[in-house]
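Features as listed in TrEMBL:
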DOMAIN    3-335  domain 'RecF/RecN/SMC N-terminal'
BINDING   Gly30, Gln31, Asn32, Gly33, Ser34, Gly35, Lys36, Thr37  ATP binding site
Amino acid sequence: MSLSRITIGSFRNISSASLNPSDGLNLIYGQNGSGKTSILEAIYFLGMGRSFRSHLSQRVINNDDDKLTLFANLIQDENDCKIGLRRHRNGEIEVKINGEKVKRLSTLAETLPIQVITPESFSLLFEGPKARRQFIDWGAFHSDPHFYQAWVNVRKVLKQRNQLLRNHSPYSQIQFWDKELVRYAEQVTDIRNRYVDSLNELLKGIIERFLPQVDIKVSFTRGWDSKTDFSQLLENQYSRDVAAGNTGSGPHKADLRLRVGNLPVQDALSRGQLKLLVCALRIAQGKLLKQQLNKNSIYLVDDLPSELDAQHRQLLLQQLTETGAQIFVTAIDPLAIVDSLSRPPDRMFHVEQGLVTVIE
Ligand SMILES: Nc1ncnc2c1ncn2[C@@H]1O[C@H](COP(=O)(O)OP(=O)(O)O)[C@@H](O)[C@H]1O
Ligand SMILES: [Mg+2]
């Protein structure tokens, strides 16, 4: 799967641009502030309906316009698929796939699986569990068609339950919701668990190449003690939950635990090593999707040279290109990428003040 054409309108500093990328490695280079990250952000926006940089979608709309427009041609098993998205400043969003209106943004994500590696990707390891849950759920969503609905149900039930807790409702009233919660939590947890198991298989090989001699263990934690019956736990924690006004344990607290021996990876590895670990995790996800559904992800790698030495840049680019996926990498200095490759990039684009030109 690859994008054969991308048209960007009124997105950040890009008023209008059209790219015909290669289905292999695309290098986008240009000075600071030229619009490199914005191009990746636009591709991501088309796949996810939101940005990876800002929670406020209106920020990505060009200051001189009241809407952004994105369009792409997706080639999938020799079939062509046309994706269009328009986002207005007032929050209205229109998405079309092959001319037909799409109601749920999850349909976009399903159509266009995207992996992003940016200098901020570190947050996966350093920040709270939310980013790691999102990481697991990206895979759970793609690998199991039942995941999305099960997770939507968990969130709905939790919302109801938390409302009742805040109203100091007696447990007899909450019990009904707990039965539902337990049911959906099991579905979500089973899918996540299976996903992390499959991911681990693939991850080992990649980590061995990226970080030889470091024994990294990746495990899934479900969000409550696995030896305890969840329904019993919810009942036992009722007073605590009423006092806190929320549900203290459950699938909304799940996490991915990454350790070297007994230490969390953040305490055991250098910054460069952590960066490679994040890359390994993302590459493993892409490879697994390919294995499970024969679907290639699209890789967006922003500011690749930063914080990786030449040897590791080379290793990362090699691993990425070996996946056979379409890749977009950005850099200020194109040589930093070109010198790390055994053959030239398949296509190069230069960006200057929001203007994109292909290098022939
Ligand atoms: N909504 C917007 N409208 C117009 N310009 C914007 C908007 N948001 C950001 N910019 C500008 O877009 C430029 C490109 O940013 P960016 O894509 O991060 O550049 P690069 O990654 O090449 O360093 C920046 O100069 C920024 O000030
Ligand atoms: Mg940038």
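Even glycines carry a Cβ here, placed using N, Cα and C.
Nobody curates TrEMBL annotations by hand; they come from automatic prediction.
Shown in sequence order, Lys36, Ile332, His350, Val351, Glu352 are the residues of the chain, 6+ apart in sequence, with a C-beta less than 8 angstroms from the C-beta of Gly30 (ATP binding site). Sequence-distant neighbours of Gly35 (ATP binding site) (same chain, 6+ apart, CB under 8 A from its CB) are Arg12, Asn13, Ile14, Val351, Gln353, Gly354, Val356.
Proximity of the binding-site residues Gln31, Asn32, Lys36 to ligand 1, judged by a Cβ distance under 6 angstroms to any of its atoms, singles out Asn32, Lys36 in sequence order.
Ranking the binding-site residues Gln31, Asn32, Thr37 by how many Cβ atoms sit within 10 Å of each one's Cβ puts Thr37 at the top. Listed binding-site residues: Gly30, Gln31, Asn32, Gly33, Lys36, Thr37. Those with a CB atom under 6 Å from ligand 2: Lys36, Thr37. Cβ neighbour count for Gly33 (ATP binding site) (all protein chains, 10 Å cutoff from its Cβ): 12. Close to the recorded ATP site, the chain also has Ser38, Ile332, Val351: residues not among Gly30, Gln31, Asn32, Gly33, Ser34, Gly35, Lys36, Thr37 whose Cβ is within 8 Å of the site's Cβ mean position. Gln31 (ATP binding site) falls within neither a helix nor a strand when secondary structure is assigned with DSSP, and so counts as coil.
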